[in-house]
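K.L.:
Annotations per TrEMBL:
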TRANSMEM  A:12-30  transmembrane segment
DOMAIN    A:70-286  domain 'ABC transmembrane type-1'
TRANSMEM  A:74-95  transmembrane segment
TRANSMEM  A:107-127  transmembrane segment
TRANSMEM  A:173-195  transmembrane segment
TRANSMEM  A:207-225  transmembrane segment
TRANSMEM  A:267-287  transmembrane segment
Amino acid sequence: MSAISRSREKWVLLFPAILVLSLITVLPFLQTVWTSFTDAEITAREQQVNWIGLENYIWALTDPDFLEALGRTMYFTVVSVGLEGVLGIAVALLLNQKFRGRWFLRVIIILPWAVPTIVNAVAWRLIYHPDYGALNSLLLQLGFIDSYTSWLGDPDRALNMVILADVWKNFPLVAYIALAAMQTIPGDLLKAAAIEGAGAWKRFHSITLPWIIGPMLVVLILRTIEAFRVFDIIYVMTRGGPSDGTKTASFYVYQEYFSYLRSGSGASYAVVVAGISAVLILAYYAGIRRDQRGA
Amino acid sequence: MTNNLQKKERTAVSSNPILAVENLSKSYGDLRILKDVSVAIEAGDFLVLVGPSGCGKSTLLGCIGGLTEVTSGNIQIDGQDVTHTDPAKRDIAMVFQSYALFPNMSVGDNIGFGLEVRKVPKAERDKKISQVAELLKIEPLLDRAPAQLSGGQRQRVAMGRALVRDPKLFLFDEPLSNLDAKLRVTMRTEIKRLHQRLNASIIYVTHDQIEAMTLATKIVVMKDGVIQQVGTPREIYDTPANIFVADFMGSPAMNILVADVTMDGLMARIEIAREDGQEPLILYDPNPGEGIASRPAGALKIGLRPEALTDLGSRSVNAEQQFDCLLDVVEPAGSDTFAVIRLGGTEVTARMHGDVDVNSGDTVPICFDLSKISYFDPKSGERL
Amino acid sequence: MHRSLFASFALYSAALLLTLFTLAPLVWLVLMSISSPNDLTSVPLNWWPTEVDLSRYGHLVDLNNGAGHRFLAALRNSLLTAGGATLIALIVAVPAAYAFSRRGASLALLFVFLATIMMPPITYVLPLYEIFGGLGALNKTTTLIIVYSAMLLPFATWLMKSNIDVLPVEIEQAAFMEGASTAFTLRRVVLPLALPAIAATCMLSFLVAWDEFFYALIFTSDLSAKTLPVAIADFSAGRVTDYGVIASVGVLATLPPAILAICFQRFIVSGLAAGSVKG
């Protein structure tokens, strides 16, 4: 095929995809950036929109509530992704051993992943229920607590309880990818190390971990990108409460838009969130390239 | 198809080449795969592109087929410039090394694919498919899936798909290299028979010099993206253009050795050193040709095919040029017996009678036939 | 290698613990859905139902019941939205994937595609909301389908691209050589060969759309377009006092993805691995 018709054809093939993505994501995003420099509000009537320069940003970056929400989001992200990483690798190590019933465990591990995010949030909300929740009942019956606790009622504890629910749903993905990476380790390598007298920890530390670190890095950054936008589980479990104890960045922007109807200042928050996400996304691509060079 | 008749007329009246490649170059970045390649064939030619892997022969085929964009130069098929034409519009067919059958279609649908694309009515399609199937003896396979076929059968289907459209030019990309040795010989004969019967114009890529010799009406030997020699199999075999061609074509390879060549009257006197204090070998070439006659005396490289070194009573030999030689290693190969002799600082192969009774370590008389000797420049390796 | 008794004990304990951790929340969700309201409100809980109560499921599939009406409407919307978006995403993604795989389209562009789904939706949802509002297209299944197809498209393109990459290119070349156009080759040769990949891509796309909550929350406002996740959030936030109802809705919403995940685990896991790790 000639060079000209080939490259023209390439664009014909790409056109629908580019059109859809431009209209639904790229152009709206640019609109958000533009709005962030204005005092626009969400109203039903015609409004005069004024260009106010960096005012929104100055406001956003000095708004302690927003900065706290950012900090909370990072806490949520780091802790849940960290736990998913540790738990995922531990589970993969377990599933990589030979034992009776392993197939069953390998199959059911996918179930938390399959549970819709909202159902997960609802289920855990019921489990944490202060009056009739399963967690209270279980801990009481086992003698760990003396009286029922309001797990999501304490601003300092609520976020951690949400993290637990998030980790339960998301560790399978990490575990499967860790397991897939471990299964590519040549058996002879580990056997040779064992014969050389390397103990289990030594084998994990000097063979398994370096082998799986590339894919793990990539999947954990991807999880970081997802965790950073956390919204659904917060919306259902706590609505950002109590006393803003679980109000994350996405939720904060959501409220600025749809509760306070300030689209200008909301947009500036959104752009800040986008900037942080962009850094994470670039880290993800760097991770992929690193992983491929290593492979 | 309807243009069959026109095509036959056209090729009959004109002597235009069916394919002309002019000054073709292909680079990937700094890597030059093809360097200024020009080649042309007449209708009915069976052109074989041969060379070691990486020589550019498959790239050249890809350019002719339109699968690879050319960097510079042009390609004409039947007088039409097709350098930038879609493969679909070049009126050519290709048989791929991997056969490239459509796994989701039956054998019949595979063969008829090109006709289906051209919206040939079903009845006519079926007729053509069964004609081709008959020609290739694959009628019972038409309803099967490619996965159910043996390698040889797939090969036939791939050829059937190419044949059914009666294109101007057939391209074969190492079509036999995935078959076992025995089947390869059978299919080779079959391809040759098809060519003779259909008088098709074929371009055929292979790295197997025996395939090249047996099939081609014209051989192009390539190395490092440059054409080394174009000629009939006989020309390539008897008068290789340089040491590379001499070495690459023929099995066992041509013996290349260093010799002192001086003119002795009209004859060339060729002195070849021997090891272990043995006297040098003195041979005479009665017809050395102008190139040698006019050259100052000195060291040259000479090329002798193994069959030019043979035992007494074998073929028609000039018994005068006969010397006792120590046989280093003897390798009986049934119809021939090959013997390795140390001559001119290297190992040379002699091709003796199959039933000759010799052993490694024997010293036996060897006759030298210099009627087809080749002389090469010791530096450039070019034929003199 | 033989394991010591202690190692075996540790191994099986860990396996048991993992099984409990994985299954307990799910089992409890199912138990809640079939326990009587009294069992669910006793302190401490009555773990095992005194009698199996399937009436909630009966109500949920009954159009004349209020909860059933809402549930079935949401189920219909979810099926339409996820199915429609998957279909559109695939139709758009396959040619794009082919351009990336075989026509030398720049991978940087593919990374831009992928970056659009990695950006938090909050960063562009408001302009979308205003545009759709201006067009009078809010609270419509069609609108959600369009937005979802943009959400599914990059991943579907990526997955299809990595699958087309490994198809033998000579088969397509043979088709071109036989005179076929790109469209014809795609339809007759590439798509049949990529069928397993298409099935896997469809399944994963469907699951992602089935799970989506954020856009649905913002773009829909009543039964005519609300999807299951939004309906479930409503159920759990609303006036329902019987937690068993919420649990049974949750169980029903989990069943389709759970069944797909169990049946096609190999597909899904390799798809996820390809989608997240391979570059």
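Positions of Cβ are set from backbone N, Cα and C atoms, glycine also.
Predicted automatically and left uncurated, TrEMBL annotations should be read as such.
Where in this structure would I find these features, and how exposed are they?
P.N.:
For the transmembrane segment (A:12-30), the list of distant contacts is 274: same-chain residues at least six beyond its ends, Cβ to Cβ under 8 Å.
Within the chain carrying the transmembrane segment (A:74-95), a Cβ under 8 angstroms from the stretch's Cβ atoms is held by residues 102, 105-106, 109, 159-160, 162-163, 166-167, 170-179, 181-182, 204, 208, 212, 216, 220, 223-224, 227-228, 230, 248, all 6 or more beyond its ends.
Using a Cβ-Cβ cut-off under 8 Å and counting only residues 6 or more beyond its ends in the same chain, the transmembrane segment (A:107-127) has close neighbours at 91, 95, 133-135, 152, 161, 164-165, 168-173, 175-176, 232-233, 235-237.
Outside the transmembrane segment (A:267-287), and at least 6 residues removed from its termini, the chain residues within Cβ reach (under 8 Å) are 29, 32-33, 35-37, 40, 56-57, 59-61, 66, 70, 214, 217-218, 221-222, 224-225, 228-229, 249-250, 252-253, 256.
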